[in-house]
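Q: The feature NAD(+) binding site is assigned by Swiss-Prot to ALA124, ASN190. Look at Swiss-Prot and you will find HIS220 tagged as active site.
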Amino acid sequence: MLKIAMIGCGAIGASVLELLHGDSDVVVDRVITVPEARDRTEIAVARWAPRARVLEVLAADDAPDLVVECAGHGAIAAHVVPALERGIPCVVTSVGALSAPGMAQLLEQAARRGKTQVQLLSGAIGGIDALAAARVGGLDSVVYTGRKPPMAWKGTPAEAVCDLDSLTVAHCIFDGSAEQAAQLYPKNANVAATLSLAGLGLKRTQVQLFADPGVSENVHHVAAHGAFGSFELTMRGRPLAANPKTSALTVYSVVRALLNRGRALVI
């Protein structure tokens, strides 16, 4: 049995608990949350993981088999780095956090000090295995194009680029590097950061973002070229019922990673 400490129990974390409910190989027996979210966390835990303890920090002498982060960027430094330094393997969903200068190196160094490993999840995008394999032979270009309905860009710099309320055709709100995209649109950085880390890096991965009234879901398109040949991938992601801003595939990515840790045969 694999015993897991989960950081965060919002839309992603609660959905993970639900999907793992009743699994005898993988058990979430610790859930780490912040004080202001404790009440709703305890409700979700009571329903889907009644034997789990709700904590605000992992004690220094507490050593789960695995830590999974489902809490957002701030949890990386607060919880994941200390766990890695203590030798506890970790799984990270908030890959966009690694767009910040030095964050990827911080995680890698913590894992090296703890003689363990941190796994970055593919989340809402597919093809990461192919892209990472292609990098071995040499990549020439990776271009990511993201499309969302105009209203999904409310509260972002896109509001200064165009009138989101009156768009009738797709409008490009950003065209540049993944590094620049992460700075301007940090809440939309996970997919671009994941592709960058698997492929050419933040500076060389190209990103185009569109506010598109013709789509009702998040559309991801990846085009990669290199010594291996080329590939193109288009995904139309449905949102999580509990949180329209979160991809359902992100939750499934977490569950798959955890189940793989507890099973003898994985793919």
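These residue numbers are counts, starting from 1, taken along the chain as shown.
Every residue gets a Cβ built from N, Cα and C, even glycine.
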Q: Taking just the CA atoms, what is the gap between ALA124 (NAD(+) binding site) and the residue listed as 'active site' in Å?
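A: Spelling it out, the Cα of ALA124 (NAD(+) binding site) and the Cα of the residue listed as 'active site' are 9 Å apart.
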Q: Specify the count of other C-beta atoms within 10 Å of the C-beta of ALA124 (NAD(+) binding site).
A: 23
Q: Could you list the residues of the same chain, at least six apart in sequence, whose Cβ is under 8 A from the Cβ of the residue listed as 'active site'?
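A: Non-local contacts for the residue listed as 'active site': ALA124, ILE125, TYR144, THR145, GLY146, VAL191, LEU233, THR234, MET235, GLY237.
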Q: Indicate whether ALA124 (NAD(+) binding site) is helix, strand or coil by DSSP.
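A: Looking at the DSSP assignment, ALA124 (NAD(+) binding site) belongs to neither helix nor strand, so coil.
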Q: Using Cβ-Cβ distances, find the residues under 8 Å from ASN190 (NAD(+) binding site) that belong to the same chain and are at least 6 apart in sequence, listing them in sequence order.
A: THR93, SER94, VAL95, GLY96, GLY123, ALA124, THR250
